[in-house]
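K.L.:
What TrEMBL records for this protein is below:
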- Glu133: active site, proton donor/acceptor (ACT_SITE)
- Glu209: active site, nucleophile (ACT_SITE)
- 1-284: domain 'Glycosyl hydrolase family 59 catalytic' (DOMAIN)
- 292-407: domain 'Glycosyl hydrolase family 59 central' (DOMAIN)
- 443-617: domain 'Glycosyl hydrolase family 59 C-terminal lectin' (DOMAIN)
Amino acid sequence: ATSRLLVNYQEPYRSQILDYLFKPNFGASLHILKVEIGGDGQSTDGTEPSHMHYENDENYFRGYEWWLMKEAKKRNPQIKLIGLPWTFPAWIGKGENWPYDYPDVTAYYVVSWILGAKQYHDLDIDYIGIWNERAFSSKYIKLLRYTLDKHGLQQVRIIASDRLWEPISFVLLIDSELHGVVDVIGAHYPGTKTVPNALLTKKKLWSSEDYSTFNDEVGAGCWARILNQNYVNGNMTSTIAWNLVASYYEELPFGRCGLMTAQEPWSGHYKVEAPIWITAHTTQFTQPGWSYLQVDGHLEGGGSFVALTDGLGNLTIIIETMTHNHSQCIRPPLPHFSVTPQRATFYLKGSFYMVETLQVWHSRLGFESGNSSLFQQLHPVKVWKGSFSLDLNVDEVYTLTTLKAGQKCGCPEPPPPQPFPSNYKDDFNIRNPTFSEAPNFADQTGVFEYFINASDPGDHAFTLRQVVVQRPITWASDADQTISIIGNFQWVNMTLTCDIYIENQHDGGVFIAGRVDNGGIYVRRTKGVFFWVFADGTYRVTGDLAGEEILMKGLSGVRGNAWHTLTLNIQGTSASGLLNGYPLWENVTISKPSNGWAAIGTRSFEFAQFDNFHVEA
């Protein structure tokens with residue numbers, strides 16, 4: 001759920017961001033895009049909607065991943081696409097929190113997503129994963145291959161198991177049928193190392209999720225080091241960064257752990273961070289289908305190099321000399337090593353002996369000085385009788401290449417940063433929305449979608465509706481309530497108003513909230529000021545999403561299947577609430593949290609609607 005805020009950037013800024021990520025010879029020029037197959041559950045920084053909320057439901061226009069893949073393909077038709085589920089809708093497990101009891105159902109569900117990508121968006125999915133960082137089932141993987149083939153999807157490759165090198169590598173060695181259907185072993189955060197069994201399988205080895213590091217200069221150092229050393233130490237020929245672009249509220253888990261930052265659609269501000277240009281050192285001068293040369297890529301003075309060829313006479317060499325303290329990734333821990341300035345001599349043999357000059361691109365990450373030089377073209381290097389030498393300093397990246405490609409785009413500066421608007425309204429009155437979800441609302445449990453009330457005479461024809469009615473097969477600890485957050489985490493005093501409609505007449509309930517202090521994988525422990533009304537005619541004020549810390553309770557007269565207006569006012573250490581414009585409770589003392597987002601949500605996984613949302617903070 002990391003691209004949430006990207007979709008409602010205004011042009012030209014949105015296209016500029018996408019260009020920096022995907023446009024060839026421009027910025028990061030990415031070769032591969034991996035997207036979540038939304039499953040209605042929390043997947044780190046929010047939930048992504050499923051294409052099948054319910055068994056009899058199919059919709060291939062929810063969420064923003066279809067749009068993102070199309071934007072990537074529009075810029076680079078050659079880009080490879082991967083889909084991987086984190087969570088699954090409840091019906092897949094028929095009541096169990098497990099996707100493998102009915103493997104035929106799960107395979108049908110995943111293959112439907114691949115078919116929908118093609119049918120509705122003309123997107124060819126290249127690789128499909130199993131279940132992110134969770135157990136795999138050999139029976140399911142074999143059934144998935146069978147189901148793909150049955151639907152004419154022989155070209156879709158299977159990657160497993162998006163967790164650790166084991167047990168998948170061992171199982172592939174002892175199960176020849178499984179060995180025949182898995183094309184790539186994908187490991188997460190391998191620390192540049194692989195294991196003997198993985199090598200013995202003779203499969204392609206990928207670091208299928210890596211990086212996940214704050215995108216400052218140290219993050220760029222981490223990325224430069226692993227892009228090379230995942231191959232040098234671990235034979236991995238693909239490295240995939242989580243995440244593409246930091247387009248989610250920064251105070252959610254792993255804030256700014258993207259290759260660049262675009263978390264302010266309301267201002268248009270974004271920042272092309274150093275990892276973008278580190279990426280370009282590899283991606284602008286190689287392509288999928290190129291081969292790594294099997295050389296020992298360790299440099300004597302520390303650091304590493306890789307060499308790749310297209311097999312048609314082109315050669316690209318990428319060198320990195322990242323020091324330990326300037327290249328630590330978020331995980332795993334990095335054993336000590338030292339890097340010193342050195343002179344390195346390279347010898348070109350065989351068909352490369354005839355190379356006379358190499359183009360040079362250079363980055364230096366500036367830690368002491370604070371100013372980095374990123375992706376600058378230097379004078380070409382002359383190759384003399386098949387050899388050349390370079391003086392390498394620490395914390396540098398060099399690309400030497402026969403390709404004349406390479407470009408450092410300079411787009412105009414984006415607008416300056418601005419906080420989220422302190423007066424924000426949304427009436428959800430949009431007949432044909434481009435996206436299924438209202439801008440800036442970041443669902444943290446449940447899914448909130450635009451809804452058209454066919455039966456409503458007009459005032460509430462267009463609403464926002466919570467649509468997940470059974471707890472999904474979870475990946476994280478989703479809350480027992482549903483919640484969508486919005487706004488500025490620094491907000492202290494606020495007045496929040498929203499029309500609400502409880503659809504579950506027996507035990508339904510909804511809330512509006514302020515000073516909401518948590519989300520993502522930590523959503524269960526969310527605190528704030530929560531104003532609840534229930535279908536049984538009662539209300540509550542609580543200090544937490546779980547509803548355990550009760551600050552006030554009483555009768556409200558609210559009923560299901562009727563519209564009511566809730567207002568929550570928080571000023572300093574005091575809060576009050578209005579129902580349909582009349583005071584319902586007041587002078588409730590608030591100690592903490594001292595600040596946070598605004599939010600809406602429901603008591604359980606239940607249908608409910610919201611309209612005319614307004615916050616003044």
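Every residue gets a Cβ built from N, Cα and C, even glycine.
These numbers come from a predicted model, not from an experiment.
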K.L.:
Per residue, counting other C-beta atoms within 10 angstroms of the C-beta, which of the active-site residues Glu133, Glu209 reaches the highest number?
P.N.:
Glu209
K.L.:
Round to a whole number and give the Cα-to-Cα distance in Å for the pair the residue listed as 'active site, nucleophile' and Glu133 (active site, proton donor/acceptor).
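P.N.:
Cα-Cα distance, the residue listed as 'active site, nucleophile' to Glu133 (active site, proton donor/acceptor): 10 Å.
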K.L.:
Averaged over the domain 'Glycosyl hydrolase family 59 C-terminal lectin' (443-617), what pLDDT does the predicted model reach?
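P.N.:
The answer is 97, the mean pLDDT of the model over that range.
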K.L.:
What are the DSSP helix/strand/coil residue counts across the domain 'Glycosyl hydrolase family 59 central' (292-407)?
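P.N.:
The domain 'Glycosyl hydrolase family 59 central' (292-407) comes out at 8 helix, 51 strand, 57 coil.
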